Amino acid sequence: MATIGKDISKAKTLLEQGQLVGIPTETVYGLAGNALNPDAVAMIFATKNRPDFDPLILHTSAMERVHDFVNEIPFPLDLLASKFWPGPLTLLLPKKEIVPDLVTSGLDTVAVRVPSHSLTNELLSELAFPLAAPSANPFGYISPTKASHVNDQLGNKIAYILDGGDCEVGLESTIVGLEEGEVTVYRLGGLDLNAIREVVGEVKVMTHSSSNPKSPGMLKSHYSPTKPFILGKLEDLVLEYSTKGIPFAILSFHQKFSSLDQSKQIQLSRTKDLNEAAKNLFAAMRALDTMDVSVILSELLPEEGLGRAINDRLRRAAVQ
Ligand code: TXA
Ligand code: MG
């Protein structure tokens, strides 16, 4: 298994040697390698079992350094960058030659973000190169929000995981680009749509296509537990599966079923707080996936604030 610790200089040395390191961010943990080293980037794809048509996000320590890798940050994406970096925002920008084609899967845009996490930002500011970092999970599975999640699934393939505690936001970054001059959201995520609208006005949301070449990673089935994940009205689902005699676990927004086994139920936020629900979502999905049951029953949350991105993940988890 990997070593888990808070040793930034150890992470730095490994990355400089071309190796991969698990890193914490405010959204989810990333599987990081030197973005300018094609061998390290190839190792990221191999380690995650990720198809090479699904491009990676480049992480750097400050907005000024982004200009080393992109030709420009066109208006009004520059307003979003100034307002939300460091933070859970990824921008699709015209790439410079220096970014290897492997990072962008041959696209002429590169996804860039300045994350917000003290350990990782310190690491990034000490490195001479940016980090390519997809979420540190096997392709298609639930993203990790704790160092132990990374170790459970990739610990036998990487040497070191930088432990930054539980991810504060708990959902991947929101991906935004320009399409024919229109601000377009390609992945709902940890930065709420309303916050984006407040800066740039109306935006186009293009996240639902399963074959959207602009964001090839947004496959319809994604973030999936191994067990069947069923969405609906929980009371109805509980009745149906009890009647059928099929053992189930429950992932609810805040509701507790007091007549059922408490150890097979997780509430995302007892106080109905959508930010808390986002923070708890992936750890809850992982915990339910290891329970001794045949199916996971769940429900959609209110379609507002981070509820939109949470529902996006729940719907994708429910696609078989
Ligand atoms: O919060 C996050 O964004 C996390 C942390 C580690 O930073 N990273 C993450 O990376 O979620 P990943 O690889 O799991 O998801 C990146 C998404 C994929 O859906 C990919 O298709 C899309 O970004 N993407 C990357 N480059 C792109 C590009 N040039 N054009 C369109 N989509 C792109
Ligand atoms: Mg991912």
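Glycine residues also receive a Cβ, built from the backbone N, Cα and C atoms like all the rest.
From the candidate list ARG50, ARG113, the residue TrEMBL records in the L-threonine site shared with THR27, ALA133, SER173 is ARG113. When other Cβ atoms within 10 Å of the Cβ of ARG113 (L-threonine binding site) are tallied across all protein chains shown, the result is 25. Secondary structure at ARG187 (ATP binding site), taken from DSSP and collapsed to helix, strand or coil, is strand. Nearest in space to HIS59 (ATP binding site), taking C-alpha to C-alpha distance over the binding-site residues THR27, ARG113, SER173, is ARG113. Among the residues the record lists as binding ATP, namely ARG50, HIS59, THR109, SER135, SER143, ARG187, TYR223, the two farthest apart have Cα atoms separated by 24 Å.
Those residues of the chain, other than THR27, ARG113, ALA133, SER173, with a C-beta within 8 angstroms of the mean position of the L-threonine site C-beta atoms are THR25, VAL28, GLY30, ILE57, HIS59, PRO88, THR90, PRO115, GLU172.
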